[in-house]
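Asks: Submitted below is the structure of interest, expressed as structure tokens.
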Amino acid sequence: MMALWPLLHLTFLGFSITLPLVHGQGFQGTAAIWPSLFNVNLSKKVQESIQIPNNGSAPLLVDVQVFVSNVFNVDILRYTMSSMLLLRLSWLDTRLAWNTSAHPRHAITLPWESLWTPRLTILEALWVDWRDQSPQARVDQDGHVKLNLALTMETNCNFELLHFPRDHSNCSLSFYALSNTAMELEFQAHVVNEIVSVKREYVVYDLKTQVPPQQLVPCFQVTLRLKNTALKSIIALLVPAEALLLADVCGGLLPLRAIERIGYKVTLLLSYLVLHSSLVQALPSSSSCNPLLIYYFTILLLLLFLSTIETVLLAGLLARGNLGAKSGPSPALRGEQREHGNPGPHPAEEPPRGVKGSQRSWPETADRIFFLVYVAGVLCSQFVFAGIWMWAACKSDAAPGEAAPHGRRPRL
């Protein structure tokens, strides 16, 4: 009770310092310059109230409720996401308790910099915007302190994109109190999902909290489990690739003698080269566990390239054979051969009419066999990829700092 009244005097006289808006990884309090009209004993009592409450041999227990209200701007290329949170912290500070019979007030509101509060740092944050420039702490008559902190931040997230666009990822938010030790302070965290909008490419389907063990500084961790709805990626990535592959298979039905077939195949290959470049740029890259679609699109490119090369080679061989047949002996030369006793093939040895036209040259036969093998290969590749998609698993490589994360005891 004695420590509370100097705070009340300072509050009522308007000498408390207002903290500016912080755009960093934690609160940074400014040192209060107390007026000279207060005596030294009053300043000592105020400074004592700003120190962490003494809970004896046990650490001070701070209860934290995390309300997740929004998750947006999920960027898999930058491995970042933005989120909006509300932190509701509560703890017991018996120095701020008072007797209601002498002072009939059940609760008071104080500026947060005029009493001790946990200074939080978010490990994964690129930037943090604490929405309230001067949050107010509510103090009950028994010394229970409650503080609400609203923030918006952008954080790093190690997305697991092996099965993109049907990927599931766990994104962690680690809150550290770097100004205290684990012997002084302990967190007890809970999380509540208050997201009401589902019109997102990535949706949050689960939340959990934990307090990592063996930490040098007190901390708690919030894990957001994200799921990709995949509709946009399927329409933008898979549908064009499958359509070009189907068009290439249908192009094999054109006769090898048709001049349009080569132009058709080359046009498809060039179109897919342009599409492949945009597809790869739309997919994220990683040092490990790259998306399976990267390998799938590369296999499709190889299939289209093989089909085009086969058409060009066999069409060239067929044209060369036709050119050789046209450059045979002329009718006049064949007449001279008959006059000199070489009448040519016997009429009985000539193939019957209608049979010669139905026979294929060997390039056309090879093209027919290749078409059947190519169709079987395309179908098999689809089934093989579907099996790999269902059963493949990949564990990302450990981060360089995982052996000794921030605040964790080094491993021996």
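Placement of Cβ uses the backbone N, Cα and C atoms for every residue, glycine included.
The signal peptide annotation in TrEMBL covers 1-24. Residues annotated as domain 'Neurotransmitter-gated ion-channel ligand-binding' in TrEMBL: 52-197. Annotation comment: TrEMBL describes 234-254, 266-283, 295-319, 369-392 as transmembrane segment. Summarising the annotation, TrEMBL assigns region 'Disordered' to 328-360. The compositional bias 'Basic and acidic residues' annotation in TrEMBL covers 335-353.
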Asks: Ranking 234-254, 266-283, 295-319 by the number of C-beta pairs under 8 Å to the transmembrane segment (369-392), which range is first?
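Replies: Answer is 295-319, with the largest number of Cβ pairs below 8 Å.
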Asks: By DSSP assignment, list the helix, strand and coil residue numbers for the domain 'Neurotransmitter-gated ion-channel ligand-binding' (52-197), in that order.
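Replies: The breakdown for the domain 'Neurotransmitter-gated ion-channel ligand-binding' (52-197) reads 6 helix, 78 strand, 62 coil.
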Asks: To what whole number does the mean pLDDT across the domain 'Neurotransmitter-gated ion-channel ligand-binding' (52-197) round?
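Replies: It averages 93.
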